[in-house]
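According to Swiss-Prot:
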type: REPEAT; residues: 11-40; note: repeat 'ANK 1'
type: REPEAT; residues: 46-75; note: repeat 'ANK 2'
type: REPEAT; residues: 81-110; note: repeat 'ANK 3'
type: REPEAT; residues: 158-189; note: repeat 'ANK 4'
type: REPEAT; residues: 228-257; note: repeat 'ANK 5'
type: REPEAT; residues: 263-292; note: repeat 'ANK 6'
type: REPEAT; residues: 298-327; note: repeat 'ANK 7'
type: REPEAT; residues: 333-364; note: repeat 'ANK 8'
type: REPEAT; residues: 372-402; note: repeat 'ANK 9'
type: REPEAT; residues: 524-554; note: repeat 'ANK 10'
Amino acid sequence: MDTAELSKVDDGWTVLTFAAAYGLEKVCEALIPKMSEQAINHVDKDGNTALTWAAYTGLEKVCEALIPKMSDQAINHVNSDGNTALSIARNKGFKNMCDLLTTIEATKQNEIQTNLKLTTTKTSHEKLIEAIEARNEAEAQNLIVHMDTAELSKVNNDDWTALTFAAAYGLEKVCELLIPKMTDQVINHVDKDGDTALTWAASSGLEKICEALIPKMTEQTINQLTDNNDTVLTLAANKSLGKICEILIPKMTDQAINQVNKDGNTALIAAASSHLEKICEALIPKMSDQAINHINNYGNTALIAAASSGLEKVCETLIPKMTEQAINQANHQCDTALIFAVRNSLKKVCEVLIPKMSYEAINCWSTNSFWFGFTAFTWVTLNGDKKICELLIPKTSPEVIIDILKLTKEKQFIIEAINSCNKTSPEVIINILKLAKEKQFMIEAINNYNNKLVKELNLILDENNPNNAIKMIRAVKIYKKLFKEYLTVEKTENFKPLQNTIEDFIKNNFFTAAGVCKNLIPKIDNNEIHISCLTTEIIAHIVEYLENEKWGLEVETLG
């Protein structure tokens, strides 16, 4: 029979394990030279080998013949009873077999110890990496001095060089020693995470190391993206390395300059967040509209970041380039660019932003834990900026204005701003009138509001248009709502004097319904506008308003 036939396994057994189990010494001796190595080392389903069976049946010579042909694993295999060939031989008293197995074990242990010694004898490169990881700069520097370029340029199993380790651990002096001794290829090495020594140096804020590395880097590695989609420019901006950013920008591709990382940040957002005004000004002309208007994962735009950092010029440069959505953007804490601009007293920015912003965005209130509930108007009241206050009032909700007036002690400048604002809504004035302490102040605001409507009315009448009457009645409705709503709400005796004052004001003020009629008379007499221009229905409406206000004299004037 040939080797292939003899080496077959049947039900987990070979002919050799059968012969050994049955104690057939001569059969075993004849089989061993003809069996394959795999068959000799075969382990049956009970964990026994031909060697363990030979030991059980006392075939010492067969054991001695098998041992040199078997693997260490098969010799030391433990069967289902927990026995090895050596333990069986000891139980059986097979001295020669025990000595042989013990010698093999001792030899194996010596080999293990020798290998351990070899593996524990560390190379200079391994020692250097250990020193860097331990941040032992003195030890690392001492090792570098005695190492050649080939040793220093090795890449370890984690795809790191000594230089990337030193840069990642922020060891500036170690990096300074390494750079002159390393090849350009290793300096430009990109690890499995997309990092280079330069990206690590930028991440660690090592300005001098970045300066030393950049001239040695290829265009490709300078524009390399990390696994977080960061460029070295974004990383340098994050660490406020303005000088490095200045050096990098001319070397970066358009794609790299407009790159968005996994946090949604661009180099521009990073630079603005780090107060790098010059870098922002250098980046903006090079960036696409899409990148300039990009919103990061936290809801911030470059404009919000610039306003937050107090970069007035950057904001002024950005605003004309921002979309309506980006200008009105509120971040995840509901802070807008306007809130930050007002908070940082960026008056010019506020003046440009406010007309461009929606009512909702202007009245957005912050959920930031440091200024929870603050709106742009809240910051105005804290900063005491009357001019910005005047700009905000027409777009600020009455509720916000009333709440601020109730809470703040310094009300005077707010009242003055309201008084000087021609666009204060009737609702705001009505609500402010309800604040007892502010009623006298608001008389001025009422006068202001009426005077503005008078001017508008005169302009309308000058147009000599029959539709003017309709516009006039709309104006009267606004006026009527302003006072009538207040008078119906406040009916206590305490408010009687003020009520009388307001009624007198109504009678004497130029822009009452009666005042409108008086204004019409000279124009009728001069044929500039004729009473026939007004329909009977419109005249009836005017008369109704006048009668409701009990102004009989003026009604008679109209006929």
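Along the chain as shown, residues are numbered 1 onward.
Every residue, even glycine, has its Cβ placed from backbone N, Cα and C.
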For this session: May I ask which of the stretches 46-75, 158-189, 228-257, 263-292, 333-364 has the most CB pairs under 8 A with the repeat 'ANK 1' (11-40)?
Result: 46-75
Exercise. In the repeat 'ANK 4' (158-189), how many residues does DSSP assign to helix, to strand and to coil?
Worked result: 21 helix, 0 strand, 11 coil
For this session: Write out how many residues of the repeat 'ANK 1' (11-40) are helix, how many strand and how many coil, based on DSSP.
Result: 21 helix, 1 strand, 8 coil
Exercise. Apart from its near flanks, which chain residues at least 6 from the ends of the repeat 'ANK 4' (158-189) lie with a Cβ under 8 angstroms of it?
Worked result: 125, 128-129, 132-133, 135, 137, 140-141, 144-145, 147-149, 152, 195-198, 200-201, 203-206, 208-209, 212-213, 216-218, 221
Exercise. Across the repeat 'ANK 3' (81-110), what does the pLDDT come to on average, as a whole number?
Worked result: 72
